[in-house]
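Peer 1: My structure is below; once you've seen it, I'll send some questions.
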RNA sequence: GGCGGGUUGGCGGAGAGGUUACGCAGCGGAUUGCAAAUCCGUGAAGACCGGUUCGAUUCCGGUACCCGCCUCCA
């Protein structure tokens, strides 16, 4: 069996992954707060842990992996959104979850096994808080329940901080009823304008951190294998989760391995609305970046390094996918000669991923399969990486290699582009005729004019002794092509 | 201020204590009416200063710079 190695944030070392139960490998990843479209920073952990999910399924079997990713649907940002729009909270969260699914589906991310909503686990949260209070790890005061940080001796171990250091450097405004400045909220009171539930501490709502502890416990148990999320969540969110869960379920150890993906920048700068470089995934999709291109850009950078989103990277990813599509499409019958769904990723690709998710190295291998025209390895690798081969072929394949040119009745193009594919051969014939004339007359102006127009329409013009190929490229513009017909 | 991380060729971006990463761009050649595409070939690196070592870009320490978290934002 392949040995998977993962960097554990808790130990800051790369460790051999040995599941608690290989028949039920369990992973929890912090999901979105659902009040708006996911931006491209939110999407990075989704792609990273989807890739890990796929690797685990590959190694341990699809049925042997349980992946839980929550929706935070109770939060002050959601309340604010509801207040300013006048819409019901549930309507906002339902709509946002729908968007999230659409956008992450476009990136080729599999749906996790469980996608719990925080509001469906209020009872479990209350039960956990009650236990923490009963055991002296938390206390109730003025309608709040607070976690007593000093009662968990390892508090700060994950993020490498000591409670004393943090207090010294803290800029936090400390609520007067806290025993200790670092104590954090498990439950807080709600007024008429905010959603709430009845609890032993009065009508109120949960603090942010308790939901993940409660849902992970309900769905995965007191101890499980992997807990993931963005590096920004390491402190305080994950630190607090550990404190809560370890105190509520002593001895269980909570997550064995903690994984954190680095943050994302855009064109070398932090993504922010004020800099005007803030994109949602939907923005990019609407700008015409296919989901596969976006995913490819993510996979190009190791998850523990800061990643920069740039238009140039997207261009290169698209170029690579076009080449891949040509290979996938080079034999119209290739899909029939072996089942694409069963193509296996070569060992070297699996091992690249097994080595702490070295997606960049995996893509290096993919490049070689493209160069060597190795369809089988290419299909297997792309599938394991979540880059759907059929989609790539349909989205990026060139017209010149479709059925029309080869006399076979296999069409692999998306319907919209197929319509144009029918017209390209006519243009090609005209081009060939013009070229033949030019060769004889030595007047190349007419053929050059047509060539220039085709290039302007984003069509690659390939001439050889054998004939002419017209291939739509990255900047393909159907409207300009229409004008030539 | 506290804590954590990073710094690789023109650009992006990996592995490995000693042997070509790879991709994009560049350059040379083949090919072409000219190109494009393709193929062949090729130059180019490891922030700085020390240390360990026969040997470090890879390990250790320091400096500089950058980034993140500590505070609503991922």
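Every residue gets a Cβ built from N, Cα and C, even glycine.
Unlike curated entries, TrEMBL annotations are predicted automatically.
TrEMBL feature annotations, pasted as is:
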{"type": "BINDING", "residues": "A:30, A:212, A:237, A:241", "note": "Zn(2+) binding site"}
{"type": "BINDING", "residues": "A:273", "note": "ATP binding site"}
{"type": "DOMAIN", "residues": "A:17-317", "note": "domain 'tRNA synthetases class I catalytic'"}
{"type": "MOTIF", "residues": "A:32-42", "note": "motif ''HIGH' region'"}
{"type": "MOTIF", "residues": "A:270-274", "note": "motif ''KMSKS' region'"}
Peer 1: Sequence gap of 6 or more, Cβ distance under 8 Å: name the residues on the same chain that satisfy this around residue A:30 (Zn(2+) binding site), in order along the sequence.
Peer 2: A:45, A:69, A:70, A:212, A:228, A:229, A:230, A:233, A:237, A:238
Peer 1: What is the interatomic distance between the Cα atoms of residue A:273 (ATP binding site) and residue A:241 (Zn(2+) binding site), given in whole Å?
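Peer 2: Their Cα atoms are separated by 30 Å.
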Peer 1: Give the residue counts of the motif ''KMSKS' region' (A:270-274) per reduced DSSP state, in the order helix, strand, coil.
Peer 2: 0 helix, 1 strand, 4 coil
Peer 1: Which residues, in sequence order, are found in the same chain with Cβ within 8 Å of the centroid defined by the Cβ atoms of A:30, A:212, A:237, A:241 at the Zn(2+) site, excluding those residues themselves?
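Peer 2: Along the chain, the qualifying residues are A:208, A:209, A:211, A:213, A:227, A:229, A:233, A:238, A:240.
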Peer 1: For each of A:237, A:273, count the other CB atoms within 10 A of its CB; which of these binding-site residues has the top count?
Peer 2: A:237
